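Q: Pulled these features from TrEMBL for this protein:
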type: COMPBIAS; residues: 847-856; note: compositional bias 'Acidic residues'
type: DOMAIN; residues: 658-722; note: domain 'CBS'
type: DOMAIN; residues: 755-814; note: domain 'CBS'
type: REGION; residues: 815-856; note: region 'Disordered'
type: TRANSMEM; residues: 126-150; note: transmembrane segment
type: TRANSMEM; residues: 214-236; note: transmembrane segment
type: TRANSMEM; residues: 256-277; note: transmembrane segment
type: TRANSMEM; residues: 284-301; note: transmembrane segment
type: TRANSMEM; residues: 313-337; note: transmembrane segment
type: TRANSMEM; residues: 386-408; note: transmembrane segment
type: TRANSMEM; residues: 428-447; note: transmembrane segment
type: TRANSMEM; residues: 499-520; note: transmembrane segment
type: TRANSMEM; residues: 532-553; note: transmembrane segment
type: TRANSMEM; residues: 573-598; note: transmembrane segment
Amino acid sequence: MESEQLFHRGYYRNSYNSITSASSDEELLDGAGVIMDFQTSEDDNLLDGDTTVGTHYTMTNGGSINSSTHLLDLLDEPIPGVGTYDDFHTIDWVREKCKDRERHRRINSKKKESAWEMTKSLYDAWSGWLVVTLTGLASGALAGLIDIAADWMTDLKEGICLSALWYNHEQCCWGSNETTFEERDKCPQWKTWAELIIGQAEGPGSYIMNYIMYIFWALSFAFLAVSLVKVFAPYACGSGIPEIKTILSGFIIRGYLGKWTLMIKTITLVLAVASGLSLGKEGPLVHVACCCGNIFSYLFPKYSTNEAKKREVLSAASAAGVSVAFGAPIGGVLFSLEEVSYYFPLKTLWRSFFAALVAAFVLRSINPFGNSRLVLFYVEYHTPWYLFELFPFILLGVFGGLWGAFFIRANIAWCRRRKSTKFGKYPVLEVIIVAAITAVIAFPNPYTRLNTSELIKELFTDCGPLESSSLCDYRNDMNASKIVDDIPDRPAGIGVYSAIWQLCLALIFKIIMTVFTFGIKVPSGLFIPSMAIGAIAGRIVGIAVEQLAYYHHDWFIFKEWCEVGADCITPGLYAMVGAAACLGGVTRMTVSLVVIVFELTGGLEYIVPLMAAVMTSKWVGDAFGREGIYEAHIRLNGYPFLDAKEEFTHTTLAADVMRPRRNDPPLAVLTQDNMTVDDIENMINETSYNGFPVIMSKESQRLVGFALRRDLTIAIESARKKQEGIVGSSRVCFAQHTPSLPAESPRPLKLRSILDMSPFTVTDHTPMEIVVDIFRKLGLRQCLVTHNGIVLGIITKKNILEHLEQLKQHVEPLTPPWHYNKKRYPPSYGPDGKPRPRFNNVQLNPIDEEREETEEEVRLLNSTTL
């Protein structure tokens, strides 16, 4: 009933539509002193590219409404173009939800008419499950393809398998009978580039040749990746999660989830990972999965014609992306809920879980790593943790929070400098320089030469009897008579101390290079580099605590648990906790991060250390700033995103934020039935506003509705082509009934169908805390400010973001708010209390006041000019 009442009030009448002007959707009124720039900059647009794909972001006109079935005067048929959204505009969540309810009601009313209508009803009901199934299948398949190709191309930098060119190093030596346990990575079938080119396997010449070929392949992969991105799909660069969050909040970025972006991101992600840059593929996999969800949604009218419903599919797709990235289906669902989704109803939770399940099943079937696991660095620990270890775990949390705060500030400062200098105009050169520096420094250190996922695997792995890594080079007890799974704590050997020094250098290298790598114009994720930094720090701390417990087992903190010959410290566990802490410090994730790492290890008993480290990292990071890296990049790029996690604690009112302010141009309004086509076209040509409030008449200032610029333009153009007698002097009527006109008058133009009869309004004394909540929870684009039914101004999402930015920077308001004066006047009145002239000089009659206002209330003057 609620939806039906809204329909009769004109809510379905295509009134919440975007405009065709070049200005931003939020720029319904030009605000003075703009702080945030919502237009894309040179750096964002790398190349203009092909962003003219209109059909993918086009919506139908709200259903086939027949004029004979309603009392209101409607157009005979939907106007082409009305109901669509332009690029870099915000959708109207309320209108989309109401439109979906009407579509659902229409289908249910017809399903009993025939078997075909029943079939259509069942298809509509199951389309949601079908689209998430297809998304999960595609996400799992693409993730497996990316994993296999990235492993092969990473090993290509070191050599090639002569027996089968498509095998990587590990696969090449699987079938060899000449491989020994100590040298399991050496076999006759695998040849390094030095062996192929100069015929030497050892010696300085071999090392230099392998060094040169490593740099050559790294630069080649990086150059090919950035070139493909620049030429074919500029939106394929970066992580994609900041833009996914913005899109899920209702913003439209054409081409960002298109087929070209999907194709190029899949290819260049493999190249970027194989180049050895300090980046990961886990974040971009979320973007890849969302591209799949967006493309498959166009197969189903339920989602292709409704932007709000489409975002439910994208939420499920993001869960599938994290599921295949970490092998964590439950963590993927929680990630979508906690980190990226703006609107997450219960049915989306179920479908997200199903999409993550399907994606994980497909990836497990492909088995890209050959270990029957979904990720390369899956580990299992058999030693419990002890209470005294909470202290080093919390220290790792402090390190993670400090790293997160440092990285966010440093990376944002570098990205801002890139935008403001000429360096940002040469993205290919930047990628080549970063790749060259990374390759030159990484090759001499075996831990930085490794693929980052393989590095994390080695750091996570506990030292067992079959491990040959230098991290496990302990001095063995010669009295040990048998090999057991739980090896007691032992003194570190020379290899361990050498590995610690190499890990310290690798830690410094990773910290510096990650700051400069995240944000370059290739696909670049942040999950894996952050986890690698934390894993390195955690492994170093774990070895230190292990040796401390071995040499000082009689200390009171070790006495109860670490007896001689006992295995009480697991350095790999410290690496895992450190990885979670650093990732939490950068992204400020909590619950989803703990579940993701828990699914990586498969052990419930390590949840408490993970929770302690992650919460500590979040608290420490929040002490330096509450924004995570994704929110910081959203703010840097100027996307219109209202973060639901951010609290509004100020005491400002709606009148402080609304436009127009005192020195702004006056508010442009339309009258219900007193304006001609020429009047409206002149107003559209002379202003840049995206919408106009409609008042009753020159005898009244009461609000009737709201008309968008795009709807007016399209409706007038359509009427001139299809209706005879529509000329410039034709009267435009927004009322239900056409007023009586002289016989010689031209045919009137009825535009009530494009008028929003129920725009959201607040009073001028509404606290901004409530207004911000309304915008967040309802997804509004604009809200009108009234006083006793009289329109005073308008608040858009951009105005709110500007206001929040001013409050953050402690900037005084651009003009003193009118409510601070002893005698308060609305902004539509001048400093002397006299009415300010409004657009078109339409004189309104005086309003009879029922009582005299006190000085503490708003004193509206008796006569006003519009």
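The backbone N, Cα and C atoms fix where each Cβ goes, and this holds for glycine too.
In TrEMBL, annotation is done automatically, which means it is predicted and not curated.
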Q: Between the transmembrane segment (428-447) and the transmembrane segment (499-520), are there three or more C-beta pairs closer than 8 Å, counting only pairs 6 or more apart along the chain?
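A: Since 3 or more Cβ pairs under 8 Å link them, the transmembrane segment (428-447) and the transmembrane segment (499-520) do come into contact.
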Q: Could you tell me what the rest of the chain brings near the transmembrane segment (532-553), counting residues at least six beyond its ends with Cβ under 8 Å?
A: 389, 392, 395-396, 399-400, 403, 447, 452, 455-456, 459-460, 471, 489-492, 496, 500, 503-504, 506-507, 510-511, 514, 559, 562-564, 568-583
Q: Would the transmembrane segment (284-301) and the transmembrane segment (499-520) count as touching if the test is at least 3 Cβ pairs under 8 Å, pairs 6 or more apart?
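A: Between the transmembrane segment (284-301) and the transmembrane segment (499-520), contact is absent.
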Q: If you average per-residue pLDDT over the domain 'CBS' (755-814), what number do you get?
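A: Averaged over the domain 'CBS' (755-814), per-residue pLDDT gives 83.
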Q: Are there residues at least six beyond either end of the transmembrane segment (126-150) with Cβ under 8 Å to its Cβ atoms? List them, or say none.
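A: Contacts with the transmembrane segment (126-150): 266, 269-270, 273-274, 281, 285, 288-289, 292-293, 296-297, 299-300, 302-303, 312-313, 316-317, 320-321, 323-325, 347, 351-352, 354-363, 365-366, 368-369, 376, 451.
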Q: Sort out for me which stretch, of 214-236, 256-277, 313-337, 499-520, has the most Cβ pairs below 8 angstroms to the transmembrane segment (386-408).
A: 499-520
Q: Treating G and I as helix alongside H, and B as strand alongside E, what does DSSP give for the domain 'CBS' (755-814) in helix, strand and coil?
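A: Its residues divide into 23 helix, 18 strand, 19 coil.
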Q: Near the transmembrane segment (313-337), which residues from the same chain, at least 6 beyond its ends, have a CB less than 8 A from one of its CBs?
A: 128, 131-132, 135-136, 139-140, 143-144, 244, 247-248, 257, 281-283, 285-290, 292-294, 296-297, 303, 343-344, 348-349, 351-360, 362-363, 373-375, 378, 527, 589, 591-593, 595-596, 598-600
Q: What residues in the same chain, six or more past the boundaries of the transmembrane segment (214-236), come closer than 8 Å to it by Cβ-Cβ distance?
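A: Here the qualifying positions are 45-49, 153, 156-158, 243, 253, 255-256, 258, 260-261, 263-265, 267-268, 271-272, 274-277, 427-428, 431-432, 434-436, 438-440, 443, 449, 520-523.
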